[in-house]
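Colleague: Sequence annotations record features per position, and here Swiss-Prot assigns topological domain 'Cytoplasmic' to 1-42, 137-185, 236-293, 352-709, 776-830, 875-934, 996-1277. Residues or ranges marked as ATP 1 binding site in Swiss-Prot (evidence: sequence analysis): Gly426, Asn427, Ser428, Gly429, Cys430, Gly431, Lys432, Ser433. Annotation source Swiss-Prot lists region 'Disordered' at 633-660. Annotated compositional bias 'Polar residues' per Swiss-Prot: 640-652, in sequence order. Taken from Swiss-Prot, the feature domain 'ABC transporter 2' covers 1035-1272, and the record attributes it to sequence analysis. Look at Swiss-Prot and you will find Gly1070, Ser1071, Ser1072, Gly1073, Cys1074, Gly1075, Lys1076, Ser1077 tagged as ATP 2 binding site.
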Amino acid sequence: MEFEEGLNGRADKNFSKMGKKSKKEKEKKPAVGIFGMFRYADWLDKLCMALGTLAAIIHGTLLPLLMLVFGYMTDSFTPSRDPHSDRAITNQSEINSTHTVSDTSLEEDMAMYAYYYTGIGAGVLIVAYIQVSLWCLAAGRQIHKIRQKFFHAIMNQEIGWFDVNDAGELNTRLTDDVSKINDGIGDKLGMFFQSITTFSAGFIIGFISGWKLTLVILAVSPLIGLSSAMWAKVLTSFTNKELQAYAKAGAVAEEVLAAIRTVIAFGGQKKELERYNKNLEEAKRVGIKKAITANISIGIAYLLVYASYALAFWYGTSLVLSNEYSIGQVLTVFFSILLGTFSIGHLAPNIEAFANARGAAYEIFKIIDNEPSIDSFSTKGHKPDSIMGNLEFKNVYFNYPSRSEVKILKGLNLKVKSGQTVALVGNSGCGKSTTVQLLQRLYDPIEGEVSIDGQDIRTINVRYLREIIGVVSQEPVLFATTIAENIRYGRENVTMDEIEKAVKEANAYDFIMKLPHKFDTLVGERGAQLSGGQKQRIAIARALVRNPKILLLDEATSALDTESEAVVQAALDKAREGRTTIVIAHRLSTVRNADVIAGFDGGVIVEQGNHEELMKEKGIYFKLVMTQTRGNEIEPGNNAYESQSDTGASELTSEESKSPLIRRSIRRSIHRRQDQERRLSSKEDVDEDVPMVSFWQILKLNISEWPYLVVGVLCAVINGCIQPVFAIVFSKIVGVFSRDDDHETKQRNCNLFSLLFLVMGMISFVTYFFQGFTFGKAGEILTKRLRYMVFKSMLRQDISWFDDHKNTTGSLTTRLASDASNVKGAMGSRLAVVTQNVANLGTGIILSLVLVYGWQLTLLLVVIIPLIVLGGIIEMKLLSGQALKDKKELEISGKIATEAIENFRTVVSLTREQKFETMYAQSLQIPYRNALKKAHVFGITFAFTQAMIYFSYAACFRFGAYLVARELMTFENVMLVFSAVVFGAMAAGNTSSFAPDYAKAKVSASHIIGIIEKIPEIDSYSTEGLKPNWLEGNVKFNGVKFNYPTRPNIPVLQGLSFEVKKGQTLRLVGSSGCGKSTVVQLLERFYNPMAGTVFLDGKEIKQLNVQCVRALGIVSQEPILFDCSIAENIAYGDNSRVVSHEEIVRAAREANIHQFIDSLPEKYNTRVGDKGTQLSGGQKQRIAIARALVRQPHILLLDEATSALDTESEKVVQEALDKAREGRTCVVIAHRLSTIQNADLIVVIQNGQVKEHGTHQQLLAQKGIYFSMVQAGAKRS
C-alpha cells in the first residue's frame, strides 16, 4: 500500500501543480533565468556563443577606439583651422604643434588617420560577420533542440495532464513562443554584448582621456541604467500576460477549426468570433499597456542622455577655457561617452527581444520539466518474458483528475482468466470505458490495484504493457496518411502480407482493393475521407496486426452495418481465441457469447455470469435484454445492408461526415504523404498561391489607425531631425574655440549651446513617448484586427476549402499565430525606428547641402551611403526567400504536431509517441538547414553595412582635410557634415538589421491579404438569397450528381432522386459508404451538387439564403462538443438568440440526460473537456441530441443519432426523437432496422442511386435488397 500511496500522492501533487493556477500565481509568474535560457546549448553552441561574444566585444571596442583616433585628428585640424588662437595648447595639441602647420603636413597626417579608419573598418568586417553568424548559428541549433525537447515533453505527458491543461495552447507555444525564444537568443544577444562593450570601452577611453569630464557625465549614467532595468522587468511581466492571452485565443481557434462542420451547421461563427475576440482584446489591452510603460522608460532614458550632453559640454568647455583640456580631448571624451550612452539606446530592442524570450520560455520549459507520474518513455519496470493474460481489479477506486469530486469507480472487483472473454454491460457513463483505460495505464487508480498475471501493472514497464494490449475504441482515430501506414501504426516493421491478412480478417480488404490507390490511399485528417464503418474496420485491422495478448473492444462494431458487423464479429471471435478479451458493447447480441458478462452499476460490478445465468437472475442484464428485445421483432441489434456490388469508390468517398462533426472537417490531399513529395508539393503551392505584396499594401492594413500613424511618424521625424540638429549645435560648440572671442563671450555661447542640448532632451522625452505609444497602439490594434479578420475569413470559407491539404487545423492555427505578429513586426516600433533613421539621414544631407558650404564632402558621402543601403537590400532579398521557406516548412511540422496532440489518446494507446517524434524531427530538418544558411547570409550583409561606416569615416576626413587645406571648407563645417551625414548613415545601417522582420512581414501579409479577399462559392456570411419566414420542410432531390472536391474522379451520388413531404420521416439505408451522409451534407449546403437540383419547399436550395437553409437540427454519429459547460454546449444548438436555462433543461430532459447532469456537483455548469472527453460516448450523444432539439428545427437530420447509446438510454432517447419528429420532416440514417421500420418512406441507396423506395411493408413485399437486409438481421437475432 505504501507503494500505491506514493504513486497516487505524486500524481495528485503533479495535477495540483500543473492544473488550474490561482490568479495570484499567474500574476507573479516568473520568467526563465538568464542562464537558464541556454540550458540546451552543447559545447559547440557554447563555443559559437563564446566566439560570437568575443567578436561582439572586439566589434564594440572598435567604435570608441575610433573616437580616440578622432580626438587626435581634431587636434591636427585645430591649429590649421585657428592659427591665431591665443588658446594654450596642451596634451595632444602640444604634440600636434610640433608639426609644421602646412597644407602638406595636414594632408599627410590625415592620410595616416584615414589608414587607421580603414584598418578599423577591415577589423569590423571580420568581427561583425563572426559575431552575427555564430550567434545565429548557436540560436538555430538550440531552437532546433528546444522544438524537439518540447514536442518530446508533450508526447511524454500522461492523459491526466491533458485533462487539466488546454492542449489547444500547445500548438501556439510550438510556433509563436519558440519563435520568440529564437528572436531573443540569436543575433540580438550578440548586438547586446556589442552595445555593452561600446558602453564600457567608451567610458574607459573617456576616463583615460579626461577623467574629470567623464566623472561628471557618469553621474547621470546610473539613472539611465536604472530606467533600463525597470523597463526590462515590466516588459517581461507584460509579455507573459500577452502571451497567455494569445495562447488562449490560439486554443479557441484550434478548437473551432477542429470542429468547423459543427460550427457551420449550427451557425456558430459569430459566437466563436466573439469568444476569440475576447482573448484578443485582453492581449491588445496588455500590449498597449506594455507600449506605454516601455516608451515612458525610453523617453526618460533619452531625456537623461541629452541632459548628460548638456552637462558634459557645459563642464567640458569650462575645462577648455581654463586651459586644462584641449578641444580634442573634450571631443574624445564626449564622443566616447556619447557612443557609450547611445549604445544603451540600441540595447532597447535587444533587451525587449530577450525579455520576450524569457517570458515565452517560462511556459515551454515548465512543460519540459514536468515529470509525468506515468512515463511512457521510461525504460524502468518489469518486462515479463511471457504474459498469460490473467487480469484482476482489486477494490479499485477512481475519479478523473479534472473532476475529482465525481467518483467513477467505487471499489471495483473483477477477475478475468487467461483466454476468457469478459463483456462489460451497463448504462452509459457507469465506468465501463474507464476500466479499459485503467488497464492500459492511461490513469492510475486512486485506491486499489490493477494486475496482470498477479503483478501490479504499475511495476510493469509502461510501453511494454501497452504493446501487449490491442484496443479498438468507440470513435476510432485514423491519421492523415495512407491506409497501409495507418495499419502499420499498430506494429512497426509489419510486412505487407501481415497487413493484408489483418484487413481480410477485419473485412476491409474488398473495399480497399476497389480504391484507385488501394493501400496507398490517403484517408484524410482523422480518417475524414472514409465512412464510419470503413474507419472502424481499419482500426480493427490495426489492432489485429498488433497480435496482442489482451484485446480491448470498446464498442468495436458500433459503426458497422449488419453484414459487415457479422463478418467482423466473426473475425473478432476468431481473433480472441487464446487471448484475454474485454468487450464493451451496447448491443447485447454481440456480448451474449462471452464467457463472463459483468453488469456495472454505480461504479461497481453488481452481477457476473454467462448469458443464461444472468437471464435467470433477472437483474441488470436481464432488464437490458428485455428493454432491447421488446418491440424489436426483426432484430435486437444493429442492421443495415452492405451490398456485395458496393463499389469501394463510393464507399470511400462518403467521407461523408458520417461523423461529420468530430472528424474535424479539415482533410488532406490525395497526394502521398511521403515527406519529400509533401514538401515539394508545399513549395509548389507556395509559389502559385502567394503573390508578394508591397510595403504600401502592408501599410494599408494599418490605414484605419492613420491618426496614430500620423502622430507617430511626425514624432519619429522629429526624433530623426534631432540628431542633425545635435550635429549643428555640436559643430557650433567646436566653432566657439575657432573664433578669437573674449573669454566671457565664449562662456556665454557654450552655456547657450549646452542649454539647447537640455531642450533637445525634453523634446525627445515627449516625442519618444508619443512615437512609441502611437506606433505601439497602432501595432496592437493591427495585430488584433488581422487575427480577427483572418479568423473571420477562415470561418467564412466553405467546407471544400477545409478539405484542401494546405488548410489543415495545424497549418491554419500556425498561420493565425504567426502571420499577424510578423506583420506587426514590420509595422509597429520597427516602422518608427526606420522612419526616424530615414528622417535622420535625410535631414542631415539637406542641412549639409543647403545650410553648409560643404556640398563637395556631402556629395562624396551621398555616393558612399547607397553602398550601405545596397547591403541592406541584398540582405532583405536573401532573407525574404529564407523566411518563405521557413514558414512553409514549419507549417508542415505544425500539422504533424497538431495531429499528434489532438489524437494523443490514440497515439499513447498505440505506443507511437516515438514515431511522431521522428516524423516531427524530420519535418524540422529543412528549417534547421535554412537557419544555418541564414546565419551566414545575415552575417555577411550585416558586416558589410557596419564596415562601410568606418570606410566612410576614412573617406570623409581624408577628403575633408583636402578641402580645409585648400580653404574650400572650414573645420567647423567638416564636423557638421561628418556628424549629420555619417551618424545618419549609421542609423540607416542599423535599419538594415530589420530586414529579416520585414521579409517575414511580406510573406505573412500576402497570406493575410489572400485569405481576407477570398470569397467562397458558398458564403456563410452572405445576406443574399430568399429568406422565407417559415420552412415547411418539403425536401426533394432531383437527379443529383456529386463527388468530393478532393476526389473529382470518384463519383458518390450518380443521379440521386427522391422526395419527402412536410412532416414525413425518410429513412436512408444502404451499404457503408454508399452516399447516405452525403445527402445530409448537401442538405446542410456544405457543398453544391455537380449536377441536378436540391429543393427545399419547392425552391432550389441555392436560391435560399444559406443561413436559412442551415436552420436545421443535426445529430451525427460522432458528435463534437466544445470545451465549455454542458449548458453552453446545449445552447449552441441555436446561436441566433439567447437560449434560456428553462429551454436548456427541457431539451436535456427530452434527450434523457437531465438526470445525469443534475447528479454532477456543478450540474449544468460542468465543463465537458476538450471535444467532450470528460463524458462517455452515450452522454456526449445525448447532449448533442439536446443541442439539436433546443433549436426547434423544421427539418431534423439524424445520422446514426442513437448508435452510441446503451439499450436503456437508446429506448428513451428514441422515444424522445420520435416525439421530436412529430410535425417535422426527418431524414434519418440508421443501421438498426428496429429504428427504420416505422418510417413514412424508406429509400435504399446503392452506388449513389436510389434502388428501392417505399414503406417497410412495401419493400418486404418486393423481396429485393431491403428484404435481404431484414433476412440478414433476422438470422443474427
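Placed from the backbone N, Cα and C atoms, the Cβ positions cover glycine too.
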Colleague: From the Cα of Lys1076 (ATP 2 binding site) across to the Cα of Gly426 (ATP 1 binding site), what is the distance in angstrom?
Modeller: 31
Colleague: Measure from the CA atom of Ser1071 (ATP 2 binding site) to the CA atom of Gly431 (ATP 1 binding site) and give the result in Å, rounded to a whole number.
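Modeller: On Cα coordinates alone, these residues lie 33 Å apart.
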Colleague: So, three-state DSSP: helix, strand or coil for Ser433 (ATP 1 binding site)?
Modeller: helix
Colleague: So, three-state DSSP: helix, strand or coil for Gly1070 (ATP 2 binding site)?
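Modeller: Once the DSSP labels are grouped into three classes, Gly1070 (ATP 2 binding site) ends up as strand.
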Colleague: Please average pLDDT over the topological domain 'Cytoplasmic' (236-293) for the predicted structure.
Modeller: 82
Colleague: Given the binding-site residues Asn427, Lys432, Ser433, which lie within 10 A of Gly1075 (ATP 2 binding site) by CA-CA distance?
Modeller: none
Colleague: Among all protein chains shown, how many Cβ atoms are found within 10 Å of the Cβ of Ser433 (ATP 1 binding site), not counting that one?
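Modeller: Its Cβ shell of radius 10 Å holds 21 other Cβ atoms.
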Colleague: If you count Cβ atoms within 10 Å of the Cβ of Lys432 (ATP 1 binding site), leaving out that atom itself, what do you get?
Modeller: 24
Colleague: Could you measure between Asn427 (ATP 1 binding site) and Ser1071 (ATP 2 binding site) for me? Cα positions, answer in whole angstrom.
Modeller: 29
Colleague: Most Cβ neighbours within 10 Å: which of the binding-site residues Gly429, Gly1070 is it?
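Modeller: Answer returned by the neighbour count: Gly1070.
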Colleague: If H, G and I count as helix, E and B as strand, and all else as coil, what does DSSP give for Lys1076 (ATP 2 binding site)?
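Modeller: Its secondary structure by DSSP: helix.
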Colleague: Select one residue from Asn427, Gly1075, Lys1076, Ser1077: among these binding-site residues, choose the one with the most other Cβ atoms within 10 Å of its Cβ.
Modeller: Gly1075
Colleague: Taking the Cβ of each of the binding-site residues and counting other Cβ atoms inside 10 Å, which one has the highest number: Gly426, Gly431?
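Modeller: Its Cβ has the most other Cβ atoms within 10 Å: Gly431.
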Colleague: Based on DSSP, name the secondary structure state of Asn427 (ATP 1 binding site): helix, strand or coil.
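Modeller: The three-state answer is coil.
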Colleague: Within a 10 Å radius of its Cβ, which of these binding-site residues (Cys430, Cys1074) has the fewest neighbouring Cβ atoms?
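Modeller: Each of the binding-site residues Cys430, Cys1074 was scored; lowest Cβ tally within 10 Å is Cys430.
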